[in-house]
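Quick notes on the structure that follows.
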Amino acid sequence: MGSDSRLRADSSNVATIVAQRIATFSTVAATLACMNFFDRLHDRIRTVDSVVSVGLDPDPSRIPDHLADYDLPRWAFNRRIIDATHEHAAVYKPNAAFYEDPDGWAALEETIAYAHGKDVPVLLDAKRADIGNTTRQYAKVLETVDAITVNPYMGRDSLQPFLADEESGVFVLCRTSNPGGADLQDLGLETGEAVYERVAALADLWNENDNVGLVVGATNPDELEDLREQVPDLPFLVPGVGAQGGDAEAAITYGLANGVGLVNSSRGIIFAGENQGEGFATASGRAAKRLKTRLNEYRD
């Protein structure tokens, strides 16, 4: 075979290989697009052997001084946290309250894209809900993030645009980790249920697309156990294990449904190296790994 013929053959082989790889990538992308959030989360948990949710709450007053001169200090901070923790993170959970200004929204946009570039899903802690057109506008954020927290106080119609998005996760506030949550959530109803138990029952009914989870704090382990018995198939997002000192064993024992669920730490991870200057991110990576190891002691 002449050199020209060999070149054509080699070129043809390369083209075939490229076409095959493109087809493979397209198939994978299509498969991922058809998977809902909890399917994708299951795969992520298995990949990194972790149920740790890293809360990205970049309080400007606590960002290291050497990042202050960056155009977007919160983004500069988050990027370093992600670089240090992504091997241990099942998800990243930015809290919208820390981004609600023009530079903040820009920082959040960069953060979401960067986390996705590391193959880590993003759960926006926004606690959204409203009526009619307003909640439809809120739900548009699901075009950018993988899951969101919502507030059930206004009922199903206020959450419908979120619930209708089959591919996105919707975590309904149920029994929260703050002490004041008991003011409303523990109130008894005529049925004998507490308010938080009714919320769980409703969320279970709303789970028509298998995309609903509950927010249940690790600071209330008895309620965590009760809710797991009540709704055995709903994954929980369990905050309060880090700086709030919640029960890690209960978070795993009752927070996971078929191995799927999340245990969040924000300040306990991202500010673990608050006084270490440029070493802050390394300290955050160690903190995320410690929490992962601690939680895995209780996983099957």
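Placed from the backbone N, Cα and C atoms, the Cβ positions cover glycine too.
For reference, TrEMBL has these:
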ACT_SITE  K127  active site, proton donor
DOMAIN    51-280  domain 'Orotidine 5'-phosphate decarboxylase'
Review point. Which residues of the same chain, at least 6 positions away in sequence, have a Cβ lying under 8 Å from the Cβ of K127 (active site, proton donor)?
Key: T149, V150, N151, L173
Exercise for review: Across the whole of the domain 'Orotidine 5'-phosphate decarboxylase' (51-280), what does the mean pLDDT come to? Round it, please.
Suggested key: 95
